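These notes are about the structure you will find just below.
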Amino acid sequence: MDYLDLGPYSSASGTVRLPGSKSISNRVLLLAALAEGDTTITNLLDSDDTRVMLDALGKLGVKLARDGDTCVVTGTRGAFTAKTADLFLGNAGTAVRPLTAALAINGGDYRVHGVPRMHERPIGDLVDGLRQIGAQIDYEQNEGFPPLRIRPATISVDAPIRVRGDVSSQFLTALLMTLPLVKAKDGRSIVEIDGELISKPYIDITIRLMARFGVNVEREGWQRFTVPAGVRYRSPGRIMVEGDASSASYFLAAGALGGGPLRVEGVGRASIQGDVGFAHALMQMGANVTMGDDWIEVRGIGHDHGKLEPIDMDFNLIPDAAMTIAVAALFANGTSTLRNIASWRVKETDRIAAMATELRKVGATVEEGADYLVVTPPAALTPNAAIDTYDDHRMAMCFSLVSLGGVPVRINDPKCVGKTFPDYFDRFAALAKA
């Protein structure tokens with residue numbers, strides 16, 4: 001098996017310019033493809049997940065011109081020209097869910113599939129929502145999961161669409177992004193959420209980006225959303241993708257554990273991403289954090305004892321960045337509890353089970369629940385642990401931080417970081433010092 005040995009390191013400092021946000025990149029690509037006019041996207045993330053979105057849009061007849069991290073997208077004015085396509089979307093939830101909705105109203109014959117893990121990630125609540133407006137979608141294998149067959153259908157919105165909010169916020173994102181293109185009585189579509197909506201900051205990203213393309217969604221709390229119907233997205237001309245706040249979390253944690261100063265550029269106070277909230281969680285644990293509009297800097301830990309404080313927190317709003325907290329908890333002077341993280345179980349892998357297994361390898365005592373994790377750090381980290389990454393980019397990036405505990409660590413299958421951050425380990429090694 002391919003592996004990478006890291007550390008032992010005793011410090012980390014420097015500056016890192018973040019790659020573009022995955023969540024923003026794939027939303028902007030789809031909005032630009034559906035809009036009227038040409039959109040120049042800058043700082044577009046180059047990774048597995050954005051590549052599958054670009055490949056899919058190309059197969060659907062969208063004209064794309066790429067040059068480095070810039071892409072010019074010629075909009076289709078609301079309808080893809082290709083009426084048949086077989087789309088392989090890897091393990092990219094940010095591509096599968098929104099594209100499924102866009103294709104369901106496009107009047108064509110499409111197949112949507114991915115890697116085996118994607119076929120274990122739920123999509124039934126989105127399909128149920130789309131069927132409420134007339135979509136013809138069939139499951140090829142297991143009910144509620146890809147692969148999907150999408151067929152031409154007569155689409156109309158005659159009543160509020162109900163969708164569950166407690167599995168993935170991407171179902172709501174997919175509906176919100178597609179509904180402006182559908183005619184509805186009263187000139188508007190309404191989406192109502194059953195249960196608690198998780199990952200609310202990701203919905204905020206969706207709504208803000210739709211507004212950049214000229215469509216304004218109104219919301220009543222987080223339970224009811226009103227979308228103008230039968231309208232066109234209009235290109236904003238140019239749009240810059242801000243840095244990936246989830247990716248920032250590893251470097252910010254490294255700045256705390258390795259003394260810093262370590263600065264990330266590309267996200268800050270002005271970010272539209274909820275995962276900048278990671279910086280506040282890190283502050284709560286005692287890290288010295290300062291922020292500008294588009295940068296965050298960490299300078300070690302503010303306690304004489306040099307350890308982080310344990311944390312007990314609800315991470316429903318920032319589930320991806322919370323993984324970094326789970327590994328940072330190895331460096332706390334007590335037991336930490338991560339709550340309300342049930343969504344981890346349906347991500348790239350079952351992240352609660354995977355995290356518990358790998359934390360134990362480095363000596364932690366871990367209690368795992370349906371939607372929580374309790375981490376008690378060891379007196380000393382176990383050196384030379386071989387960390388399995390489960391084809392999950394975030395597992396690989398999180399566990400690089402163990403090397404800052406003065407012990408070497410082995411990361412198996414390090415190339416899985418290609419999903420969002422292909423050169424992560426090069427960037428990390430440039431900042432970490434023995």
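Every residue gets a Cβ built from N, Cα and C, even glycine.
Taken verbatim from Swiss-Prot:
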{"type": "ACT_SITE", "residues": "ASP320", "note": "active site, proton acceptor"}
{"type": "BINDING", "residues": "LYS22, GLY93, ARG121, GLN170, ARG351, ARG394, LYS419", "note": "phosphoenolpyruvate binding site"}
{"type": "BINDING", "residues": "LYS22, SER23, ARG27, SER168, SER169, GLN170, SER199, ASP320, LYS347", "note": "3-phosphoshikimate binding site"}
If H, G and I count as helix, E and B as strand, and all else as coil, what does DSSP give for LYS22 (phosphoenolpyruvate binding site)?
helix
To the nearest Å, how far is the Cα of LYS347 (3-phosphoshikimate binding site) from the Cα of ARG121 (phosphoenolpyruvate binding site)?
7
Rounded distance in angstrom between the Cα atoms of ARG394 (phosphoenolpyruvate binding site) and ASP320 (active site, proton acceptor):
8
Cβ neighbour count (within 10 Å, all chains shown) around GLY93 (phosphoenolpyruvate binding site):
24
Whole-number Å value for how far ARG27 (3-phosphoshikimate binding site) lies from GLY93 (phosphoenolpyruvate binding site) (Cα to Cα):
11
For ARG121 (phosphoenolpyruvate binding site), write down the residues of its own chain that are at least 6 apart in sequence and whose Cβ falls under 8 Å from its Cβ; none is a fine answer.
ASN91, GLY93, VAL96, PHE145, PRO146, VAL346, LYS347
Quick one: of the recorded positions GLN170, ASP320, ARG351, LYS419, which has its CA closest to the CA of ARG27 (3-phosphoshikimate binding site)?
GLN170
